[in-house]
């Protein structure tokens with residue numbers, strides 16, 4: 001018994017209602033002895049069944065324009081079917097099938113090269129009608145009249161998804177087979193039990209009529225045996241049918257059971273079994289129904305900020321992979337933990353069932369609200385604030401999980417080195433997806449302009465918050481220019497701990513680059529009433545973000561991706577996503593209102609505090625990590641490395657900073673007589689650095705009230721370190737005697753129009769311009785350029801030495817830039833639509849690595865968009881930007897292409913079977 005499965009556009013004609021509109025449908029032609037039928041599955045969720053045996057009046061096939069075919073089927077009751085849009089092969093196969101049925105010449109049609117057996121299932125609704133209604137029409141027994149009235153069969157009474165029951169397709173089939181055996185052994189006993197449960201009156205009538213059923217037992221047994229074989233075949237081939245009213249997933253119970261089994265095996269065990277050979281076959285079915293895949297997220301009430309952020313996060317393959325690529329048993333994680341909430345949403349975010357999405361989003365919102373009460377109600381909130389809380393809470397979640405299942409070192413010591421390698425089974429740790437993907441490390445150098453004391457502070461951040469230019473410019477700024485301005489040197493009102501001088505110079509640089517660089521534009525400013533207002537100025541969205549100019553020799557590249565052998569099967573996740581597109585009723589436990597979900601498992605938070613600053617390398621070998629740690633760094637240049645606070649101090653950033661000090665210290669002169677404001681007897685060679693003790697205690701640095709807010713320091717660390725062994729390189733000690741201090745430098749507020757200038761403007765009045773240097777990395781303020789140009793004059797002999805030092809420094813910086821080019825590629829944008837800060841709507845534009853196109857996510861609405869159009873439309877509304885390191889981006893594309901090739905090979909293999 002075979003089935004023909006094809007696709008076309010169908011119109012149904014009726015003498016009473018007329019002809020319906022043309023609708024796309026999947027057509028299933030089922031051939032059985034005297035029970036041939038045609039089943040139409042529509043996109044709307046409905047399906048229609050037409051009996052063909054002894055019911056066909058006429059079949060006409062017409063072809064026109066070469067490849068367009070039109071089939072007209074007329075039934076005995078003058079109803080008709082008009083089918084078009086069929087290929088020539090499909091049209092001929094369907095015509096042969098209908099003619100054979102019309103002529104009562106039953107020969108199973110063969111469709112070469114097609115996987116028809118995969119879709120040879122019939123609906124349980126039809127099985128119920130056949131097995132429990134029509135079989136007993138010949139019998140005078142009224143045993144199944146109740147089943148006929150309710151349309152519910154014995155098979156439907158079997159429990160489906162419960163918290164304690166998880167059955168695979170094979171297990172369900174085995175249970176059904178056992179029930180059939182009991183039914184065949186004693187049909188009357190089965191009828192008695194069934195009727196006792198439903199209606200005692202009918203049970204008495206059935207008991208009186210049992211004697212009349214004996215003669216039909218043999219025939220019934222044969223028919224039931226035939227139905228059982230067909231049922232087993234259907235279960236083995238597709239496992240996708242149910243009678244829940246869902247259009248194509250008719251027998252959703254089997255789908256539910258198999259789906260939950262897969263999810264439980266995937267989530268609740270350390271590894272999943274590879275015994276599920278039917279997953280690829282199930283994948284084929286869902287590819288026939290792409291309309292059942294819904295990528296949008298429902299709005300729970302002013303939760304567009306949450307939907308936009310979640311769409312951006314979950315569209316990043318490396319983050320999704322790291323979220324699921326954990327070695328600890330998922331069954332031990334509380335269901336209301338944020339890690340589990342994100343994992344479940346990652347599985348079911350594409351399901352067609354909106355109620356499931358609402359439930360998952362509500363649980364996730366409760367998990368966030370347990371730590372941040374601002375998100376508890378239905379008020380409008382800021383997307384960046386939600387992103388910050390989400391990443392921080394997820395990181396804290398993983399730190400406490402690492403504390404619970406703390407990896408043991410091979411030496412049995414608690415202070416095992418924090419950099420744990422996944423290829424060491426005894427020292428494997430649980431990588432945090434936030435640390436491996438978003439966490440970046442900045443080195444903030446603050447130098448006193450009076451005594452030259454330098455304070456080095458390491459800052460760990462998950463994103464960079466960047467100010468927009470406050471002055472209106474003729475040409476719009478870009479993400480690149482505002483990003484470069486953030487890393488430019490600037491003057492700070494910072495009180496020196498040594499000499500109590502109030503003016504310092506601060507410079508930022510990268511110590512470690514992230515895989516994903518999140519750039520947050522501060523789209524707010526003060527109005528005339530000193531109140532915050534939204535800043536909707538136009539900003540050009542850069543497709544590529546270059547960060548090499550803000551790196552140095554000690555800058556570490558992003559953490560490497562997991563090796564192919566260690567990556568969790570991301571294709572499996574896609575299959576499960578498609579499988580869950582049906583009406584799956586999964587009951588999740590209520591979220592527990594607690595500010596610390598994992599608190600009962602932890603005795604003290606001291607260990608988690610010690611784990612701050614861990615770098616866990618997941619899935620990379622020792623050789624790769626040594627290459628990672630040693631790349632672009634030399635032992636002689638590395639002064640010290642502190643793993644506890646991630647301080648990575650090199651000569652390069654210090655020299656960079658001191659070069660800037662040498663320039664700016666000579667460019668300002670005293671107002672009276674042009675004499676220096678400070679004594680020239682303070683050499684740079686006496687610069688002191690704060691040292692870091694071996695076991696530093698964390699102390700919070702407190703600024704005095706006289707200082708302005710330093711908004712550049714997003715998350716300053718609690719530690720200030722002293723290291724008396726660190727000194728300025730010798731090449732700068734010669735300049736120390738010529739250094740003059742000043743405190744009259746002005747802070748330039750105006751930002752560059754485009755990327756920061758790479759050279760000084762050509763002076764028109766100075767005679768000696770050949771010695772004027774072009775430093776590419778020293779972002780000097782515009783207000784100081786005129787005084788800097790005075791250094792080109794030979795009237796001051798010390799200027800030549802200073803310029804020579806600056807020139808040598810610029811050449812060295814240029815050579816360092818040539819060693820490696822770090823570029824980031826735009827992959828997602830979160831935008832705020834609205835005129836005020838307290839109202840509006842959030843949307844998300846994200847790059848789909850599987851389809852390699854951009855999509856706009858507006859809650860439940862998902863639309864494709866061109867990247868250039870997106871960049872143009874989001875100039876005034878772009879708020880949060882996600883950039884992926886270009887090497888990681890290319891690697892992701894290669895992996896996706898390989899996965900698609902493997903998937904295509906699997907499909908071709910399955911179709912040949």
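Note: Cβ is positioned from N, Cα and C throughout, glycine not excepted.
The active site, nucleophile annotation in Swiss-Prot covers 304. In the shown protein chains, 24 other C-beta atoms lie within 10 A of the C-beta of residue 304 (active site, nucleophile). In this structure, residue 304 (active site, nucleophile) is part of a helix by DSSP.
Here Swiss-Prot flags 841 as active site, proton acceptor. Neighbour count (other Cβ atoms within 10 Å of the Cβ, all protein chains): 17 for residue 841 (active site, proton acceptor).
Under the heading compositional bias 'Basic and acidic residues', Swiss-Prot lists 601-612.
Residues or ranges marked as domain 'USP' in Swiss-Prot: 295-886.
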May I ask for the distance between residue 841 (active site, proton acceptor) and residue 304 (active site, nucleophile), taken between their Cα atoms and rounded to an integer number of Å? 6
Quick one: average pLDDT across the domain 'USP' (295-886), no decimals. 65
